[in-house]
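Per Swiss-Prot, the features are:
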type	residues	note
CARBOHYD	N160	N-linked glycosylation site
CARBOHYD	N213	N-linked glycosylation site
CARBOHYD	N361	N-linked glycosylation site
CARBOHYD	N371	N-linked glycosylation site
CARBOHYD	N386	N-linked glycosylation site
CARBOHYD	N407	N-linked glycosylation site
CARBOHYD	N429	N-linked glycosylation site
SIGNAL	1-22	signal peptide
TOPO_DOM	23-469	topological domain 'Lumenal'
TOPO_DOM	491-500	topological domain 'Cytoplasmic'
TRANSMEM	470-490	transmembrane segment
TRANSMEM	501-521	transmembrane segment
Amino acid sequence: MVGASAISGVVIIANVVAAIAAAAGDGDGGIASTTDTILTLDGIKILNNALLQWKDDCNQRALAEVMPQCIHGVENITPSQQKHTAMELSICEFENNGLDYPLECHASVRNLNTNTCIQALEKSPQYWTTFSGNYRAVKDICHQISLPYEKDQIIEVYENMTLLYRSVMEDLKSSHHKYTVELEMKIQNKFNKLFSVVDDLMRSRAEENNKVNQTFNKFYENFQVSISNALVVMQNSYDGANTNFELMQRHVSYFATELQRILLLVQEQGEKLQVQQEQLVTGNVKLSIQQERLFDNMQLFGNELDKLHNAEVSRVSSVNKQLKLTEFSIRHANSILRENTDELHLQRMLIAEYTPIILGNITTLLMHFLNQSASEIVENFEHSLNLSLEKLSLKIDETANSLAVVNATIARCSIFASSVVETLDSLKNSTIRMMMLFMSMITPSVTFDGLISGAKAIIAFFTLVTRLAAVIAICLLIILIWPIVKSLFFQPLCYLMRRCSYIVVSILVGVAAANFSVWLLQK
C-alpha cells in the first residue's frame, strides 16, 4: 500500500513536470495556465498523505531514532539508542498482540525515564525475553529495513524538488508580470508626453501662424527622433522579453529533461524495490522461522535459567547458613580469645611478680651448683695432682736409681778416663825420652835447649790430642745419658703441666658460663 502510494505520487510529479515542459513555449499565457495547474494539483497532498500513513506505523516510529544510522551504516548505532529502540519495539509487540505490560512502560512514564521501564521488564521473564530478543535483533532489523527508508528518503527528495520547481515557476511568473507592467507604464508615459507636445503645438499654431512651417519642420524632426527612439526602446524591450522567454524555455526544457530522466530512475528504483520487497518477504518468512526457533531456544534457555536460579537460591541459602555458622564460630572464638587474653594478662602479672623470686632461687641454685662443681673440680684436681705426684715420685725414684747407675757408669768412665790419661802421660813421657834419645843419636851436635823446645812441642801436641779425646768422651757420655734423663724428668713434668692446664681451663670455662647465665637471668 505504501509503495503504491509513493509510486503514484512520483507519477503525479512526472505529469506536472511534463505539463510544465509542454507549456514552456506558449508565452505569458502558457506560463500562467501552467502555474494555475500546479496550484490546483492535489498530487502533493496525496503523496504527503501516503508518507504520513507510512510513518504512523508503531514499529517505524520505534525505529525513527535509528533511521539515520540505519541509512548511513548499522555500526553507527550507539548502545543507548539500541536499548531505547529495543524497548519501543517490545512495547509495539505487546500493543499489537493486545498484551498488558508494566505501568512504568507507558508513554507518559517511559519518556521521562527509560531505565525504569527496562527494570520493570526485567522483573518478568516473558517481558525480559522479548526485550532481550529485540535488543539483539535491532541491528538485523535495521539492516533489513534500510532499503525502505532509502526509498522514503528518495520520495522526500522528489517532494522537495517538486516544491522547488513550483517556487521557481511562481518566481518566473511574478518576474514576467512585473516586467510587463513596467514596460507598459514606460510606453504609456512616453505617449502621454508625446500627446502633450502635440497639444502644445496645436495651440501655438493658432497663435503663431507665421512660425508654423519652421515649427512644424522642427516638430517633424523632433517627432521623427522621438518615434525612432520609441521604436528603438520598444524593439529593445521586445528583444529583452523574447530573450527572457527563450532563457526560461531553455530552463523549463532542461527541467523537463531532468525530470524525465529522474522518472526513469524512479521507475528503475521502483522495479528494484519491488524485487527487494519480494526478497524482504522471503527474508521475513525465514526470519519468522528463525524467530520461532529462537523462541523455542529462549524457552529452553528460560527453563535452564529457572533451574539455575533455583540451584543458585539453594546455594545462596546454604552459603547463608555457612555464614551464620561462621559468624557464630567467630563470636565463640572472640569470646575464647578475650578469655585467653585475660588469662595471659593475669599470667603476665604473675610472671612479673614471681620473676625476681624465681631468678633469686635460680641464682642461689646456680651458685650452689657452681660451688659444688668447683669443689668437685678441685677435689678431682687434688686427686689428679696426688696421682701425678705419686707417679712423679715413682719416676723420681726410678730417676734416682737411674742416676745411681749413671753415677756408677760415670765413675767407671772417669776411672777409664784417668787410666787413659795416665797411659797417655806415660806414653808421652816414654815418647819424649825416646824422641830425645833418638834426636841425640841422630844429631849429637844438638844442644840441650833445642831438645827442650822439641820436647815442649811434642808435649803440646799430645796435650791437644788428650783434650780432644776428653771432649769426645764427654760427648759420648751426654749422648748415652740424654734418653735416660728425658724419660725420667721431662716426660712426667710435661704430663703434669698438661693435666694442670686442662683442669684450670675447665674451672675458668665453668665460672664464665655461670656468670653469663646469671647475667641472662637478670636481664
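Using the three backbone atoms N, Cα and C, a Cβ is placed for every residue, glycine included.
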Legend entry - Other CB atoms within 10 A, centred on N160 (N-linked glycosylation site): 10
Inset, instruction - Mind giving me a neighbour count for N386 (N-linked glycosylation site)? Other Cβ atoms within 10 Å of its Cβ, every protein chain shown. - result: 10
Inset, instruction - Consider the glycosylation sites N160, N361, N371 and say which one has the Cα lying nearest the Cα of N386 (N-linked glycosylation site). - result: N371
Inset, instruction - Can you check how the pLDDT averages out over the topological domain 'Lumenal' (23-469)? - result: 71
Inset, instruction - For N160 (N-linked glycosylation site) and N361 (N-linked glycosylation site), determine the Cα separation and express it in whole Å. - result: 117
Inset, instruction - Measuring Cα to Cα, tell me the gap between N371 (N-linked glycosylation site) and N361 (N-linked glycosylation site) in whole angstrom. - result: 15
Legend entry - Neighbour tally for N371 (N-linked glycosylation site), based on other Cβ positions within 10 Å of its Cβ: 11
